[in-house]
Structure formats: structure tokens, C-alpha cells
Amino acid sequence: MPSLRRLLPFLAAGSAALASQDTFQGKCTGFADKINLPDVRVNFVNYVPGGTNLSLPDNPTSCGTTSQVVSEDVCRIAMAVATSNSSEITLEAWLPQNYTGRFLSTGNGGLSGCIQYYDLAYTSGLGFATVGANSGHNGTSGEPFYHHPEVLEDFVHRSVHTGVVVGKQLTKLFYEEGFKKSYYLGCSTGGRQGFKSVQKYPNDFDGVVAGAPAFNMINLMSWSAHFYSITGPVGSDTYLSPDLWNITHKEILRQCDGIDGAEDGIIEDPSLCSPVLEAIICKPGQNTTECLTGKQAHTVREIFSPLYGVNGTLLYPRMQPGSEVMASSIMYNGQPFQYSADWYRYVVYENPNWDATKFSVRDAAVALKQNPFNLQTWDADISSFRKAGGKVLTYHGLMDQLISSENSKLYYARVAETMNVPPEELDEFYRFFQISGMAHCSGGDGAYGIGNQLVTYNDANPENNVLMAMVQWVEKGIAPETIRGAKFTNGTGSAVEYTRKHCRYPRRNVYKGPGNYTDENAWQCV
């Protein structure tokens, strides 16, 4: 039996930890009385111990989250913040006990008014004082925008900025040391919101991680809407079943997988892939469940073509090959894309009965001319952000089934041209990484585990975690040359099958050997 003398250090450490926890809990429960900020109504302040599976009874059903596991002790502050006489955002701040002196804002997705609790849990668990808002409305529909321009303005830019202003004040009020640096982490609409901050509020963040950004958003809505006009409804002679999309995908891989030097089921650079479909067009008498008709082949060609406007101007680049299986159930399913239908019904035409099956590029012209509150988020002069010392890191999955990765390359080129700077100069403040085998923000067939979300987390090492890579860039001046991704054996949380270093654009990954394609050192950025 160990002596009491040997146990004393452990008992003392345990007592200190409990005392610290009690102090933090007491500080949290008394914090509500200290909050007196303009336009802020505190709904509640709760201490949440680490390990809690937090129930979320007030979260809108369409947001799809009823609970969230919280890994570290946090002080949870729920608020309503007025943004005008007729609008407000629902805002939460999660202030962790293991605070590292860093502030962070999360973003949103789609058209949704959903607080992303998984991002709050993820980043507060890493020691960030984190805020997240509902973008000014509740649920995933675009209907709240109908005849409510103030709500729309919250969605476009005001929600995140308001959350930042309030969140920074709360952070300084709660922690004596305040915060040393501020960060942003978001994907999809969250990626667009990150770039909106870069463009419109250059002093809000020191570092912005913006994934699969939905900028060029009005044209994105039109691009998503136009797929129905290509595929037609289920059963039409232009429609492809999921099985036919699988056949198409296999043929695309046969033609394009080996371009990067390795046949591993992953296309490292879809821009080099221009599928020729003649090999899978039906021969006379062949079973049409095993091949494509001429009209179906035309459908595929149209899907892999850019969208041009009524005057021939490029609106949106093509969908990248390699994403077709995942996109088939969402974008090519024989129904109008819901977000696009909502946008046109409730914002563009203010007509809930507008028929989304009748969409044409003439509608795209109407929508783009409106561009309410500059939703496009397509401004290419980000010199103010650069002058403020900010860093922006963007990534895009090359299997993205919702937002073409080609659009991120298009914006990168626009910034370089507008600011008249070459890639090596852009690298000083703006870096873009293409993530092969990553679908929309997460998932996919490749090494998508880059730590951009809780579900893609592998570890907190900056070499393996895109958020912590940004922290290292901002705080130590060490900019990431590659982003290492993990390929999981059986989805998120399973063992790591292999890792791959994803290249900084405009470089691309090429297999050189001599090791197997699962060896990250067998690949080179060229």
C-alpha cells in the first residue's frame, strides 16, 4: 500500500483541479449579472461540465441537431442581439476553462438559420472563446427572407459581424487577459461569410479559415437551379439513375484517375479531366441499364460545362468530374434544388408559387442584377485585409458535390489579377489548398480529415489541423506549405488508413513513388 507521503502530491493536484473547476463554475454562474451590453438580451448563462451530452430542445427541428457532446468545461451564454428595429440574431458564446487567449467565430451553412453547435463544441474544446449565431432566422428554409430585408441583411453580412463585436466584448469581460488573436472558421455558406469578413470587415479577424466558400453566391444559386433543366424529372430520357451515374463515375476514373500517376480512386486535379463518354454509349440492342443513351451522354456533357448568361458572360464554372456519384442524389435527382428554389421564390421574385422547373438563364440575369446587400461576396480587392495584417486560408474538396471547386480557383485568379500580384506574393496573406477526395466540407473517398470540423478531426498538431495551421501562421509566422489530410478506414472517428499532403495552389499533387500511393512521401507538389 503506498505511503501517505507518496499520495500527498496527487491529492494536492486533485484538490487544486477541483478548486479550479469550482472557481470557474462560480465565475460562470455569476457572469449574467455582469453583462450589460447595448442591444443584448441574455436568455441564460449555464456552466456545462466537460463530458456532457448537451440537450438542445430549442434548436429548430430542420437544423437536425438535438444534442451535442461537450468535451471541455465551458460557460455557455445564450443571447438575442437586436440588429435593427425588426430583426435580431440568436447568439451563443462558449467560453472554455482551458482558454488559450484566442477568440473565434463560427459560421453557417446553406440558407440556414442554424447555430452550428458542433463547431462551438469543437473550437471551444481547443481553447478558443467561441461564438456562433443563427444568421438572423431559424431553420433551413429561405422563407424568413420573404418581405423581410432586415433578416436578409443579417444573413448576408450582419450576423457574423454582430456576433464578433458582442463576442469580443464578452471575452474581455469574462477573462482578465482578454484575447490576443481572433480567428474565423467556417465552410460552405460559412466559407462565404469568412470571405465577406475579409472583404467588408478587414479588422474583425487575424486569421480566417474559409472552406468550400459559397461566394459568387447568386450565380451559385442559378447554377444549382439549372441542373434540373439539364436532367429533367425522373423517368425523362435525359435523366440518369444513380446506377447510371455509378457507371459514368467508373468510366471517368478509368480515363482520369491515372493522370496524377496513381490509380487510387482519387482524381488529384480534375481540371485535367475532360471525360469522353463514347465508350459507355449504348450499342444497338444493349440493355440501357448498363450504358448511356445519346441524350443521357449529352446530359453529362452539359453538367460538366460552365454556365453562361444571356449575353455569353461566364456566370459559374463547370462541376468538377469525380463528384458525380455524391452529386447525383442532391443535384441531379430529377427535382429542383431546394435552396435555389427558395431563393428565387422568396427573394428574387417574392412569389412563393414561382415554378422552379421553369428556370432559365433569363432568371439568372434578374437575380444577379438585384444582388441584395452584395450577397455575391465576389469583391476581388482584399488589400484592406492585407494591410490590416490578416491571413486567409481557403480549402476546397475536389469531390465537392454542392459547390464546384473550380469557383475557388476562379476567385483566386480574380484576386491575383485585380490586385496585380503573382502567387508568391499572394502567399504572404492568402493561401488556397485543393483537397483531393474531399466532398462538401467533409466526407469523400480520400484524405479529407484536415481538422476543419469536429468530424474531420485527427489531432491538433498544426501539420494535421488546418485551424491550428492558421494559428501557427498568425502567431509564429510559419505559413503552411501543405495541409495533411487523413483517410479514415471506415469514416470519421475510425483508424487512419493513410495520410496525404495536399498542395498549395497553383501546385498540384503528382505521384512519383517509389512507395505505395498510401505513402505521403511518394507524392510531390509540382
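Each residue's number is its place along the chain shown, starting with 1.
Cβ from N, Cα, C; glycine included.
What you see is a predicted model, and the numbers here were worked out from it, not measured in a lab.
Feature annotation from Swiss-Prot assigns active site, acyl-ester intermediate to SER188; the stated evidence is similarity to another entry. Sequence-distant contacts (6 or more apart, same chain, Cβ under 8 Å) of SER188 (active site, acyl-ester intermediate) comprise GLY109, GLY110, GLY211, ALA212, PRO213, ALA214, LEU402, ILE403, HIS440, CYS441.
In the three-state DSSP scheme, ASP400 (active site, charge relay system) is classed as coil. Among the features that Swiss-Prot reports, active site, charge relay system is placed at ASP400 (among others), with the record citing similarity to another entry.
The active site, charge relay system feature in Swiss-Prot is assigned to HIS440 (among others); the stated evidence is similarity to another entry. Other C-beta atoms found within 10 angstroms of the C-beta of HIS440 (active site, charge relay system) number 22, with every protein chain shown included. DSSP assigns HIS440 (active site, charge relay system) to coil, not to a helix or a strand.
Under the DSSP three-state reduction, ASP264 (Ca(2+) binding site) is assigned to coil, being neither helix nor strand. Sequence annotations record features per position, and here Swiss-Prot assigns Ca(2+) binding site to ASP257, ASP260, ALA262, ASP264, ILE266 based on similarity to another entry.
According to Swiss-Prot, the disulfide bond annotation covers CYS28-CYS75 (among others). Counting every protein chain shown, the number of other Cβ atoms lying within 10 Å of the Cβ of CYS28 (disulfide bond) is 21.
Of all the Cβ atoms in the protein chains shown, 24 others lie within 10 Å of the Cβ of CYS114 (disulfide bond). Summarising the annotation, Swiss-Prot assigns disulfide bond to CYS63-CYS114 (among others).
Counting Cβ atoms from all protein chains shown, CYS441 (disulfide bond) has 26 others lying within 10 Å of its own Cβ. Taken from Swiss-Prot, the feature disulfide bond covers CYS187-CYS441 (among others), and the record attributes it to similarity to another entry.
Remark: CYS273 (disulfide bond) has ILE252, GLN255, CYS256, ILE259, ILE267, GLN320, PRO321, GLY322 as non-local neighbours, by Cβ distance under 8 Å and separation of at least 6 in sequence. The feature disulfide bond is assigned by Swiss-Prot to CYS256-CYS273 (among others).
Secondary structure at CYS291 (disulfide bond), taken from DSSP and collapsed to helix, strand or coil, is coil. All protein chains included, CYS291 (disulfide bond) registers 19 other Cβ atoms within 10 Å of its own Cβ. Per Swiss-Prot, the feature disulfide bond maps to CYS282-CYS291 (among others); the stated evidence is similarity to another entry.
DSSP assigns CYS525 (disulfide bond) to a strand. Neighbour list (CYS525 (disulfide bond), Cβ cut-off 8 Å, at least 6 residues apart, same chain): GLU481, THR482, LYS501, CYS503, ARG504, ARG507, ARG508, ASN509, VAL510. Annotation source Swiss-Prot lists disulfide bond at CYS503-CYS525 (among others).
The annotation N-linked glycosylation site is assigned in Swiss-Prot to ASN53 (among others) on the grounds of sequence analysis. Cβ neighbour count for ASN53 (N-linked glycosylation site): 8 (other Cβ atoms within 10 Å of its Cβ, all protein chains included).
The feature N-linked glycosylation site is assigned by Swiss-Prot to ASN85 (among others). Annotation for ASN85 (N-linked glycosylation site): same-chain Cβ neighbours under 8 Å, separated by at least 6 residues, are GLU150.
In sequence order, GLU72, ASP73, GLY127 are the residues near ASN98 (N-linked glycosylation site), counting only same-chain partners six or more apart with C-beta under 8 A. Under the three-state DSSP scheme, ASN98 (N-linked glycosylation site) falls in the coil class. Feature annotation from Swiss-Prot assigns N-linked glycosylation site to ASN98 (among others); the stated evidence is sequence analysis.
Annotated N-linked glycosylation site per Swiss-Prot: ASN138 (among others), in sequence order. Annotation note: ASN138 (N-linked glycosylation site) sits in a coil segment as assigned by DSSP. Around ASN138 (N-linked glycosylation site), the C-beta neighbours below 8 angstroms that are at least 6 residues distant in the chain are PRO60, THR90, GLY113, CYS114, PRO144.
The N-linked glycosylation site feature in Swiss-Prot is assigned to ASN246 (among others); the stated evidence is sequence analysis. Look at ASN246 (N-linked glycosylation site): DSSP puts it in a helix. Applying an 8 A CB threshold to same-chain residues 6+ apart, the list for ASN246 (N-linked glycosylation site) reads VAL325.
Cβ neighbours within 10 Å of ASN287 (N-linked glycosylation site), excluding its own Cβ and spanning all shown chains: 7. Annotation comment: Swiss-Prot describes ASN287 (among others) as N-linked glycosylation site.
Cα-Cα distances to ALA262 (Ca(2+) binding site) place ASN516 within 10 Å, out of the recorded positions ASN53, CYS75, CYS282, ASN287, ASN490, ASN516. Taking the Cα atom of each, CYS63 (disulfide bond) and ASP400 (active site, charge relay system) are about 21 angstrom apart. ASP260 (Ca(2+) binding site) sits 33 Å from ASN287 (N-linked glycosylation site), taking the CA atoms of both as reference points. The recorded positions listed here are ASP264, ASP400; among them, ASP400 has the most other Cβ atoms within 10 Å of its own Cβ. In this structure the alpha carbons, written CA, of CYS28 (disulfide bond) and ASP400 (active site, charge relay system) are 41 Å apart.
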